[in-house]
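The structure appears below as C-alpha cells.
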Amino acid sequence: MDIAIVVAIPLALVLALMDGLNNASNAISWAIGGGLISIRKALLIASIFEVVGGFLFGFYIIDVVSHRLVADFNLLKHLSLPISIYTSSIIWSVLASIVRVPISFSMAIIGSILGSLSIYGGSGINWGTALYIFIGWIAAFTISIALTLLSLLFSDRFGKHRNIYIYFGVISIASILTLLISKPITLYISSSSYISSTFIAISIFLVFSAMLFSIFRYNSYRQALVSLTLIAMMHGANDSALIASILILCLDSLKGYTYLSIAISATGIAIGVLMWGHRVANTLAGSIAFIDIRYVSTIYISEFIAIALLLRMGLPTPISLVTIGTLIGFGIYRGVEMIRFSYAIKSMLITLASTPICIAIAYTIASIVSILIG
C-alpha cells in the first residue's frame, strides 16, 4: 500500500474529528443559546447534516483548493506536504479547543497549505487565487454583520405581519438552494441549453419553495430547526471538502475518488460533533443571552446566505468569522449587554491568528520532514 495513504488518511481523520469537536458550535450555538433545542439534539442534527452538506455541495470548494490554489502540482508528490498541512492544522485546533474557542478551519488549512508550499518558494502557489480567497474572508465577515442587522430590522418591522415574514424566509432560502443545486444538475444534463437550464432552475425553486412554505407556515420553532440544518449543511460542505481537498491534492491514488475523500472527512467531522462537540458549543452558546426564537431563525438565515454565496463562488469560508460577525451584528442591534462582547473579540483575534500561525507551523514541519525523509 502507498505509504502516503497510510500517513495521510489517519491524519485527515484526526483533523476531521478536531473540526467536529471545535467547529460544531458554529452550527448550533444560536439554537442552544436561544433555548430552542437541547445540546444533545442539536449535536445529532448537526452531525447528520454535516455529512449531507459535504456530499451535496463540497465540490465547489474542492474545485478551487485542489485545482486553482496550487500552481505547481509536482511539488505535491513529496510526503512532507500532507504531513505538514494536516499536522499544523491539528496542532492549532487542539490549542484553540483547550481554551474553548472555535477557530476557522478554512483559515487554518489554507494557511497550512501556503506554509507547506513555501519551503519550495512562492512559485508553487497561485497567489491570484490566494488573494481571491483572502478577499472572500473579508467579505464573509462584512456580509454576515450587514445581513444580520438588515434581517433583524426586517424581522422587527414585519414580524407582526406573519405572511410577509414567512414569504421572505421561504424565497430567500429557496433562491440560495436553487443557486447551489442547479449547477450540478445541469452539468449532468449534457444537452442542456439556456432555456432548459432556466426551466430546471425554476422547477427547483418552486419545489423548494413549496417544501419550505409547508414547514414555515406552522411556527417559529420549525423555521429555526430548518435554519439549523441548513447551517450544518453549509459547514459540512465547506470543512469536509477542505479536508478532502488535501487528500486529492497529495494522493494520486485518490484523484478519481472525490466522494471517497469527502466521505472520510465528513464521517470524521460527524463523529467529532457527536462525541465532543458539546465542549466548545456550550462555551459559545453561553456568550449569548436568551433571545426570541424568531431571532434564532432570522440569524441562521443570515448566516446561511453569507456562507452559501461564498460557497457558490468556490471560496473556502471562515465560518467562525461568519458566526462572530452575526454575534457582533446581533450585539450592535440589540445592545452589547445581550452578548459577551469580550468573548466575541477574543474569538475573532484567535480566528484571525489561524492563518499566520498555521503558515509558520506548517513551514517548520515541512522543512523538518523534508530533511528527515529526503
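Here the Cβ of each residue, glycine as well, is placed from N, Cα and C on the backbone.
No curator has checked TrEMBL annotations; they are predicted automatically.
Residues annotated as transmembrane segment in TrEMBL: 43-62 (among others).
Under the heading transmembrane segment, TrEMBL lists 83-110 (among others).
The transmembrane segment annotation in TrEMBL covers 130-152 (among others).
Annotated transmembrane segment per TrEMBL: 164-182 (among others), in sequence order. Residues 56-57, 60, 154-155, 158, 197, 200-201, 204-205, 208-209, 212-213, 216-217, 223, 226-227, 230, 297, 301, 304-305, 308-309, 311-312 of the same chain, all 6+ positions outside the transmembrane segment (164-182), place their C-beta atoms under 8 angstroms from a C-beta of that stretch.
Annotated transmembrane segment per TrEMBL: 194-216 (among others), in sequence order.
Among the features that TrEMBL reports, transmembrane segment is placed at 228-251 (among others). Within the same chain, residues 2, 4-5, 8-9, 12, 15-16, 19, 23, 26-28, 31, 36-37, 42, 45-46, 48-54, 56-62, 65-66, 70, 73, 76, 81-82, 85-86, 105-106, 109, 113, 173, 258, 261-262, 264-266, 268-269, 300-301, 303-304, 307-308, 311, 316-317, 319 sit at least 6 positions outside the transmembrane segment (228-251) and bring their C-beta atoms closer than 8 Å to a C-beta of that stretch.
For the transmembrane segment (257-276), the list of distant contacts is 9, 12-21, 23-24, 43-44, 46-48, 50-51, 54-55, 58-59, 62, 236, 239-245, 247-248: same-chain residues at least six beyond its ends, Cβ to Cβ under 8 Å. Annotation comment: TrEMBL describes 257-276 (among others) as transmembrane segment.
What TrEMBL lists as transmembrane segment is 288-311 (among others).
Annotation comment: TrEMBL describes 317-336 (among others) as transmembrane segment.
Within the chain carrying the transmembrane segment (348-373), a Cβ under 8 angstroms from the stretch's Cβ atoms is held by residues 78-81, 83-85, 87-89, 91-92, 96, 99, 101-104, 107-116, 118-119, 318, 320-321, 324, all 6 or more beyond its ends. Per TrEMBL, the feature transmembrane segment maps to 348-373 (among others).
Residues 23, 25-26, 29-30, 102-107, 136-137, 140-149, 152-153, 234-235, 238-239, 284, 287-288, 291, 295, 299, 302-303, 306-307, 310-311, 344, 347-348, 351-352 of the same chain sit 6 or more residues outside the transmembrane segment (317-336) yet have a Cβ under 8 Å from a Cβ within it.
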